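A.B. asks: Okay, here's the structure, questions in a sec.
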Amino acid sequence: MNAAMNEPSEVLVDCQSVWKIFGGRAQAAVKAISERGLSKKQVLQEFDCVVGVSDASLQVRRGEIFCIMGLSGSGKSTLIRLLNRLIEPSLGKITVKGKEIARLNAAELRDMRARNIGMVFQSVALLPHRTVLENAAFGLEARGVAKDERNRTARAALEKVGLADWTSRYPNELSGGMQQRVGLARAIAADPEIILMDEPFSALDPLIRRQLQDEFRQLTKSLGKSAVFITHDLEEAIRIGDRIAIMKDGVIVQVGTAEEIVTKPADDYVSDFVAGISRIHLVKAHSVMRPVAEFKSAQPHNDVNALLRTSPEADIGELIDLTMQSDRDAVAVVEDGTVVGVVTIRGLLRGVAGKPAG
Amino acid sequence: MDISVITDTFDAWTDAALGWISDNGEWLFEFVRSVLEGTYDGVLWLLQLAPFYVIAIIAALLGWRLINALSGVLAGLAMVFCAVMGLWTETMSTLALVITATILALFVGIPIGIVAGFVRSFDRFLEPVLDLIQTLPPYIYLLPAIALLGYGPATALIATFIVAMPPAIRLTSLGIRMTPLEFVELGQASGLTPWQMFIKIRLPFAIPSVMAGINQSLMMAFGMVVIAGIVGSGGLGETIYSAVRTLDIATSINAAIAIVILTMVLDRLTQSAARRAKGGA
């Protein structure tokens, strides 16, 4: 697809072993953790402190949409606020565009937030006494951009989210989905490299939500932005994210692509989560195919060369279509001109059921 | 020792202290007095510039714009009624007193409230002080004022100012503190400076509360201005006070009606102004 997929591109946000501990004795708890390696439970017992984020490490690359999925209380909202230092980390290092944000002074931090990291909130947070245009221009206004210029930029951003005709309305005249579009326009108007999305679509109804998810992904990709997207909905994470981190009790349990997470869940918690997820578009031919030799010995009468062919990246949905078109109940997977495996109906069923071949 | 000796001594000290203060601070009190009375005279002059029907029309227009047509008509008629009762001059001087005292209270109270909204410890210190001011009978504030500023509108103004200030402080401070968290986060995440945060986020959200504070201050001022009739405030308060002393019940009731009318008109107008501020758009 694009360059970002093939070569490892620049890391924009880098979190290394970040902890956030809430409570009166957080300092002492931090010391105990770094010296004695206490667990979350021990910290609560000994110091009466709550561990919000525990030893989290992640990298967000340029052009990537990184989803953090977790249920409420999993620490995902805390984690995203650590990335622009709305919350100070207790321990660990966060680097944004090569700068360690804990070391920035107040003015440098303001500048970084105004120019490099935008944020979109679940509550949208549109200022009720300002028009849609004035809201969209808010970030630029904070930066001291002249009125004409910021209005032009904000209008262009509103056009991108399909709200060009609503510039002079007030937020309370807009539906929830439109309001969140303004929130997104406000973030992209300031033209940051990274957009933090804090459960932006959670409060919307399912149809609007899907629509916004697709629009968001498309917009982010076409503008070449990176995004960290928080959600409690795994399907949303799969729809939007290039990579997904699953959080539980402040810990990142697993990081990977949607396919990796669905086909190789790291533990029972993740597998419980992925149990209900449709694999049709997630599981690819390479993870359900069987070796050619095995297929030949199992079905000697079936000629491999007569099978319909596809690539290892074809998903279950495409494989089903191909299987239905032929009368041979199998599809050959071809890479660089040679048949590398065969997907049988049995393999397809395994893939749909979430039990990869092996 | 006889208990009366203690009280006599205390009285003597108080007298001496007051005497010392008024001797040594005379320039200060003269200055305060002239500022207060100057402002009051200015406001009164302005109000009396126009004949009563002009004021009535202004009240009607405000009522119409801020509430609705019916309220506009009622507000206008109410003002005409005050004039018909032959109490127009008194009504206007009461209005001037209330406006002057409230403006002073807001000038002092709103900045204090803003500071208290930001500095939690200052707010905690203010809380009992304001409680005390509001618990004591408002009558009390006339005593030191009359001792230092003498008989006249300046004393009435100071006492009214003290009574009218607490709601302005309290509700301003509340408004500043009550900025919704998501908007504070928005400000921070957008890289606002502390000053921008105050002007662009905190203040707009505080305005409805501040407006409610202005309305409350005004109402407190009305209450006090009647009591201040005793110290020669002029206006309806004094009319009531002297009418009661001469058992001229009819006049005192007329003046009371005029005060009720004035209070109601201003209350309605400022309340709906406050509601508008809340409505935002």
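Numbering starts at 1 and runs along the chain as it is shown here.
Any Cβ shown, glycine's included, is placed from N, Cα and C.
As listed in TrEMBL for this protein:
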{"type": "TRANSMEM", "residues": "B:43-64", "note": "transmembrane segment"}
{"type": "TRANSMEM", "residues": "B:70-88", "note": "transmembrane segment"}
{"type": "DOMAIN", "residues": "B:91-270", "note": "domain 'ABC transmembrane type-1'"}
{"type": "TRANSMEM", "residues": "B:95-119", "note": "transmembrane segment"}
{"type": "TRANSMEM", "residues": "B:139-164", "note": "transmembrane segment"}
{"type": "TRANSMEM", "residues": "B:218-237", "note": "transmembrane segment"}
{"type": "TRANSMEM", "residues": "B:249-266", "note": "transmembrane segment"}
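Quick one: how deep are these features, and who are their neighbours?
C.D. replies: For the transmembrane segment (B:43-64), the residues of the chain that approach it from at least six positions outside its boundaries are 71-80, 82-83, 88-89, 92-93, 95-96, 99-100, 265, 268-269, judged by C-beta separation under 8 angstroms.
For the transmembrane segment (B:70-88), the list of distant contacts is 52-53, 55-57, 59-64, 236, 239, 254-255, 257-258, 261-262, 264-265, 268-269: same-chain residues at least six beyond its ends, Cβ to Cβ under 8 Å.
Nonlocal intrachain contacts for the transmembrane segment (B:95-119), taken as residues 6+ away from its ends with a CB within less than 8 angstroms of a stretch CB, comprise 36, 39-40, 43-44, 47, 126, 153, 156-157, 160-161, 164-177, 202, 206, 210, 213-214, 217-218, 221-222, 224-225, 228, 233-235, 237, 262, 266.
Residues 59, 63, 75, 78-79, 81-82, 85-87, 90-91, 94-95, 98, 218-219, 222, 226, 236-237, 239-240, 243 of the same chain, all 6+ positions outside the transmembrane segment (B:249-266), place their C-beta atoms under 8 angstroms from a C-beta of that stretch.
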